[in-house]
Structures are given as structure tokens and as C-alpha cells.
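What follows is a single structure, and I will ask about it in a moment.
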Amino acid sequence: MTAQPLKAALPLLFVALSGVLGTPVISCINEDGKAVDWFAFYKLPRRTSRGGTGMGLDYLYLDSTMRTWSKSHHLINSSRSSLGRTLEQLYEAHNAKNDTAYLIYNDAVPASVNYSGNYGHAKGLLVWNRVQGFWLIHSIPKFPPVPEKGYEYPSSGRQYAQSGLCITLKYSQYETIDSQLLVFQPNIYSCFIPNIFRWELIHMPQMCAKSSASKIPSRRLTVLQSAQGLNFLHFAKSTFYTDDIFAAWIAQKLKVHLLVESWQRKNHELPSNCSLPYHVYNIKAIRGPLQSDFPSHHDHSKWCVSTKDSQARWTCIGDLNRSPHQALRSGGFICSKNRYIYQSFDRLVSHYASCN
């Protein structure tokens, strides 16, 4: 057998043997401890003024078995939250050090006072074996701690709203993810990638070892498919692509007008943009399902939805803000046409800024 057919046959052989060998089936997990194809969360901001008394630990939850947001049964700092349940697989992988890999990245590393501008403005983690795994993309600085510390939610993550998306993926998707990470160059602060993955995955092991010498593309767009067949588009930009990812790329590629929620500090924001065929509008207030509306500057999440008059209903969740400085940073967004994801995020829009 030649090297190329052998390379193609190895993952299939591993999947066939996994049931016999007891390989764990890694996935996104809900609060009941059950595997789901995907879930989204929206952590609400801390509220101390009239109309809201939240501690900044409540979150909205939506997964592949649901049609709209529900209030979480547990606080986000609980190990019984959807994040806590899902990350339990990370801690098991760390303790076992067997054939399960993980990679954790954040431009704001836990237990550090410094924010890294040398890597992507991106936050997330991946856990996988040769059967499947999950990719969690989120907006929470300093999360999660290194695996040996177990599950903790940072106190700094309470003040503002945060968002994230977890997708369960077959191992066949990880070569594509490997190429996407090369583009946006995340700041990896904890990782373990056994040698068995180096047949197919080139860049993640190199980045894990801080030794990547591969040429970085300006940008890359690819299709990812969840374990149950839901298609996603992933946009990844490097520092060589210096335009606003929303206005210059995502809106024009999807051919939709976008309503964008991102962290926009005063005097550091990009205004709504109607100069291109497809427009981008900044969301200015969020309609809180469990509390009164709150302004966009209380929201650290990064997401967008197409306007209702667009021909397609898209939702994107990811890494970057609409600001001049962020146009120079690398990062990405993952987008879906799932109707329930769209409807749930669209209902959060209270009002947005027009170009006038």
C-alpha cells in the first residue's frame, strides 16, 4: 500500500476500531450532561441599576434540540453549566494524556495582566480524538484556566455580556480547521497533540510547539460541517488583510446587509458603513429577554445577523470588533443559516445606528 492510500485509510480504521477500544465520543454537552450537535450561549451583563439585578453569571442557552433561547438552569461559573459540562472532556484529556488532543487559545491569557497583540484577537478551544471532537469559539477574556486548575469562570468576565458557539465535529473536519488556525494565528497557551495526528494535521502541532514556519495566507473561507450535517462557513483573516472583516468581506460575500454587535469603546469605533453594495450597521442596544434592554457598550460579545429584508438569514459569531485597530488584527467568524440560531440572535436586537 502506498503512503497516500495508507494516510486516507488510517482515520477510517481508527473509527472502525473505536467502538471496540472504547474511544470516548467527544461532543458539545448540555446542562443535563447530554451530547448535542451544537450550542450557543449569551451571558448577560452584570446589572446594578433599576430594571436589572443580575450578578453577571446568568446566560441564555440554545442548542440543536431547541427553537429559541432558554434561561440557563445553572450559573456560568458552575461546573454544571453547559460550558462546565463540555470542558469536563478537556480535563479528562489532560489527566489521561492518551490519544485525545486539545488546544486552548486566548489573546488575554488567564492569570496574566498582559494582552497579546502579536497573535490573533481570538478566543476558543478544541478537544478531539480520531472519531470526533468539538470547537468552542467565544468572547471571554482569560477563559478557561489551564486544564490542571479545573473549571473556573473569571471574575473579570462578569461585567459585560459575552457570547459563544460550540460545534461538534467529526475528525474529518480537523484538517480544514488546521488550515483556518494557520490564517488567524491564535495565541495558544495550553495544548497537547499526540503524534498520531501528525499524519493529517500540520499547522496546529507546529503552533502548539511555537515553531510554525508556514506561509500565512491573507484570508481563507471554508465550509465546515457539524457531526449531524449542519453546514457552517468560517471566515479567517490574517494581519495581512487590513480591512474591516464585516463590511469588506462577510457582508459582500454573503450578499446581505448586516447588523453587528461588537465591543466598541468610545472614540475607537467604526461607524455604520453604507459605502459598499451590502451595508453594515452597528447595533446600539440589546433587548434583554430576562431583564431590561442594555446598551451595546455593556456587551463584549461579537456577532452579527443579516437584516430581515435580506434574501438569506445569516448569523455569525466570532472574534473581532468593529474598530480601526481591530482591522489590523487576525481573527475569524463562523456563520450559519440555521433558522433558530438566526431568530434567537435577531430577537436580541433592540435598535441600531443607520448610516445617516
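Any Cβ shown, glycine's included, is placed from N, Cα and C.
Swiss-Prot lists these features:
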type: CARBOHYD; residues: Asn77; note: N-linked glycosylation site
type: CARBOHYD; residues: Asn98; note: N-linked glycosylation site
type: CARBOHYD; residues: Asn114; note: N-linked glycosylation site
type: CARBOHYD; residues: Asn273; note: N-linked glycosylation site
type: SIGNAL; residues: 1-22; note: signal peptide
Under a three-state reduction of DSSP output, how is Asn273 (N-linked glycosylation site) classified: helix, strand, or coil?
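It is in a strand.
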Where Asn98 (N-linked glycosylation site) and Asn77 (N-linked glycosylation site) are concerned, what is their Cα separation in Å, rounded?
28
Sorted by position, what residues of the same chain at least six away from Asn273 (N-linked glycosylation site) have a C-beta under 8 A from it?
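Asp244, Ala247, His279, Val280, Cys355 - these are the non-local Cβ neighbours of Asn273 (N-linked glycosylation site), listed in sequence order.
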At a 10 A cut-off on CB-CB distances, which of the glycosylation sites Asn77, Asn98 has the highest count?
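Checking each of Asn77, Asn98, the winner is Asn77.
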